[in-house]
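Here is the structure we will look at.
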Amino acid sequence: MLSFFKTLSTKRSAWFLLFSSALLLEAIALYFQHGMGLAPCVMCIYERVAILGIAFSGLLGLLYPSSMLLRLVALLIGLSSAIKGLMISITHLDLQLYPAPWKQCSAVAEFPETLPLDQWFPALFLPSGSCSEVTWQFLGFSMVQWIVVIFALYTLLLALIFISQVKRLKPKQRRLFH
């Protein structure tokens with residue numbers, strides 16, 4: 001199984017799939033915000049940034065997937081983004097499932113001073129919604145429950161691929177004649 005993931009990580013198509021799936025999730029989030037009028041909360045914005053980290057890792061791996069160093073850097077970025085996104089989305093889910101006056105998220109995104117995404121790109125990163133409010137459901141699950149599943153899948157997949165990097169692939173036997 002690990003050799004399958006190792007081989008997969010050396011193919012551009014796998015990295016393109018990671019990149020495009022994360023971009024698709026970003027596009028869906030923007031449709032929910034601008035098309036359906038659902039206001040994103042601070043946690044939603046942080047989850048978007050984590051998805052962008054996964055997209056960046058996919059783009060990085062897409063550049064030169066046969067380089068072990070670049071693959072490891074891309075996997076570390078993607079895995080740390082997926083884990084951070086999972087942690088944020090679980091906290092967000094806790095706010096939705098067990099709302100209380102003393103458990104509220106901030107009304108303002110707290111980005112570093114050197115990277116104020118909410119000021120540079122307010123249409124993408126300016127929060128205006130409530131973290132504890134459930135505004136959309138699909139198949140009985142809220143958007144946050146779906147994003148927890150998505151981040152868990154990204155974390156599992158990227159962890160397996162990262163672990164598989166220590167596995168040596170069998171060298172291809174080149175035969176001149178069959």
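Any Cβ shown, glycine's included, is placed from N, Cα and C.
Swiss-Prot annotations:
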| type | residues | note |
| --- | --- | --- |
| DISULFID | C41-C44 | disulfide bond |
| DISULFID | C105-C131 | disulfide bond |
| TOPO_DOM | 1-14 | topological domain 'Cytoplasmic' |
| TOPO_DOM | 32-49 | topological domain 'Periplasmic' |
| TOPO_DOM | 66-72 | topological domain 'Cytoplasmic' |
| TOPO_DOM | 91-145 | topological domain 'Periplasmic' |
| TOPO_DOM | 165-177 | topological domain 'Cytoplasmic' |
| TRANSMEM | 15-31 | transmembrane segment |
| TRANSMEM | 50-65 | transmembrane segment |
| TRANSMEM | 73-90 | transmembrane segment |
| TRANSMEM | 146-164 | transmembrane segment |
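In the three-state DSSP classification, C41 (disulfide bond) falls within coil. Between the disulfide-bonded residues C41, C44, C105, C131, the minimum number of other C-beta atoms within 10 Å of a residue's C-beta occurs at C105. Sequence-distant contacts of the topological domain 'Periplasmic' (32-49), counting only residues of its own chain at least 6 positions beyond either end whose CB sits under 8 Å from a CB of the stretch, comprise 26, 85, 88-89, 91-92, 95, 105-110, 117-118, 123-131, 133, 135-136, 143-144, 147, 151. Looking at C131 (disulfide bond) and C41 (disulfide bond), their Cα atoms lie 5 Å from each other. Mean pLDDT, taken over the topological domain 'Periplasmic' (91-145), works out to 81 on the 0 to 100 scale. Taking CA atoms as the reference points, C44 (disulfide bond) and C105 (disulfide bond) are 11 Å apart.
For the topological domain 'Cytoplasmic' (1-14), the DSSP-based tally of helix, strand and coil residues reads 11 helix, 0 strand, 3 coil. Each residue of the topological domain 'Periplasmic' (91-145) gets a DSSP state, and the totals for helix, strand and coil are 18 helix, 6 strand, 31 coil.
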